[in-house]
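Pulled from TrEMBL:
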- His68, His70, His223, Asp297: Fe(3+) binding site (BINDING)
- His68, His70, His223, Asp297: Zn(2+) binding site (BINDING)
- Arg77, Tyr135, His162, Gln226, Ser302: 4-imidazolone-5-propanoate binding site (BINDING)
- Tyr135, Asn299, Gly301: N-formimidoyl-L-glutamate binding site (BINDING)
- 246-383: domain 'Amidohydrolase-related' (DOMAIN)
Amino acid sequence: MSSVAFTNIATLVTNASHGDGTLGVLKGATLVVEDGLIAAITQGRPSGVDNEIDCSGKTLLPGFVDSHSHLIFAGDRAEEFSARSRGEKYTAGGIASTVGATRAASDSDLAHNAQRLLNEALSSGTTTIEIKSGYGLTAADESRSIEIAKSFTDETTLLAAHVIPQEYKQDPDAYVDLIINSIIPQSSAKWVDVFCDQGAFTPEQSEAILRAGIAHGMLPRIHANQLTAGKGVEIAVGLGAASADHLSKSTDADIALLASSNTVATLLPGAEFSTHLESNLGRRFLDAGATVAIASDCNPGSSYTTSMPFCIAAAVSLLGFTVEEAVLAATLGGAKALRRDDIGQLAVGKRANLVLLDSPSYIHLAYRPGVNLVHSTYKSGRAVTSWQK
Ligand code: NIG
Ligand code: FE
């Protein structure tokens with residue numbers, strides 16, 4: 001049994017009721033970890049611990065839970081981003097070029113690219129991440145994407161229903177049949193997702209795909225209302241999805257439905273930032289009482305960032321979150337969007353996934369945008385510098 005104590009923590013964000021305010025904040029506390037789990041949170045000096053980490057002047061909070069990312073791809077689309085700066089609209093049409101580059105890449109190129117991005121995420125405080133497929137769009141390419149994702153995380157999501165691939169453009173239902181009858185039955189992903197939107201999958205196709213995934217033992221989540229308002233939220237809530245994501249064009253009825261449901265509203269500040277979509281989006285969901293998560297949506301098209309601190313800052317400055325709401329959404333909100341109760345909070349018995357900031361308060365996450373304040377990231381109580389599962 002090995003133990004470590006984090007002592008003299010200037011600000012400890014627990015997200016639990018033993019602290020003050022929205023974030024359950026404690027000042028000057030000590031947090032003791034034993035065998036990867038939190039064993040105690042006290043005000044006193046610990047006795048009999050193997051190691052001590054002095055956190056004077058620093059902030060300790062739950063590691064960020066990034067519940068939405070697309071990390072299995074090759075190439076990038078910098079030119080597309082640059083065109084948007086000249087007024088081009090984001091339509092998700094660039095996905096096809098990433099599909100081409102991904103199909104042409106070797107397994108090891110895809111794994112190395114994902115590892116590079118995961119190292120970035122880790123160094124900005126992410127300790128849990130969900131990873132989607134969706135740039136393969138053949139049975140073989142979706143399956144290898146999930147296998148690569150599984151080497152990095154247990155939270156893997158089959159997004160074969162990302163767009164209709166070029167070779168099925170004349171017969172989209174044939175691709176839906178392939179997903180339902182071949183790709184899903186062969187998949188070992190935990191989650192199933194569909195991009196239910198204009199130019200992607202219709203509500204009928206989306207529901208049929210999610211139902212097929214559920215019948216195969218997968219848990220549903222959805223991309224909804226990113227480009228246009230549609231039926232994605234209704235489908236998600238009807239199927240008991242863990243999360244509905246993007247939601248940029250949501251109607252008030254969608255927001256009320258989510259707020260009355262068990263489905264988390266996951267907002268993606270990086271995508272709002274990079275595609276010039278909706279401002280003040282967060283306030284509408286928060287004021288309605290929805291459970292809200294924020295995630296990176298890291299992908300080469302709409303949001304090429306791995307940084308949850310950046311997403312927190314963008315949520316505050318663009319989407320109308322308070323700092324506390326944004327930090328909560330990036331930690332406990334993400335855990336809820338993945339239906340995980342072992343992470344996202346610092347309390348006895350929870351996993352010791354932690355981020356230590358070189359700043360006296362969590363407020364600096366939004367107050368000092370673009371500055372990496374992360375001193376170290378801990379998974380199960382161990383400082384880690386290279387992402388591993
Ligand atoms: O979540 N909306 C669909 N999928 C991605 C974007 C994919 C891309 O542009 O490559 C998203 O934003
Ligand atoms: Fe996405």
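Glycine too: its Cβ is placed from the backbone N, Cα and C atoms.
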Inter-residue C-alpha distance, Asp297 (Fe(3+) binding site) and Gln226 (4-imidazolone-5-propanoate binding site) (nearest angstrom): 12
Additional residues around Fe(3+), ordered along the sequence, whose Cβ is within 8 Å of the centroid of His68, His70, His223, Asp297: Ser69, Lys132, Asp245, His246, Leu268, Ala271, Ala295, Cys298, Asn299, Ser303
Distance from Arg77 (4-imidazolone-5-propanoate binding site) back to Asn299 (N-formimidoyl-L-glutamate binding site), taken between C-alpha atoms, in Å: 10
Close in space, distant in sequence - Ser302 (4-imidazolone-5-propanoate binding site), Cβ under 8 Å, 6 or more apart: Tyr90, Ala92, Leu268, Gly270, Ala271, Ser274, Thr275
Binding-site residues close to ligand 2 - of Arg77, Tyr135, His162, only those whose C-beta is under 6 Å away: none
All-chain count of other Cβ atoms within 10 Å of Gly301 (N-formimidoyl-L-glutamate binding site): 24
Per-residue pLDDT averaged over the domain 'Amidohydrolase-related' (246-383), given as an integer: 97
Fewest other C-beta atoms within 10 angstroms, as judged across His68, Arg77, His162, His223, which are the binding-site residues: Arg77
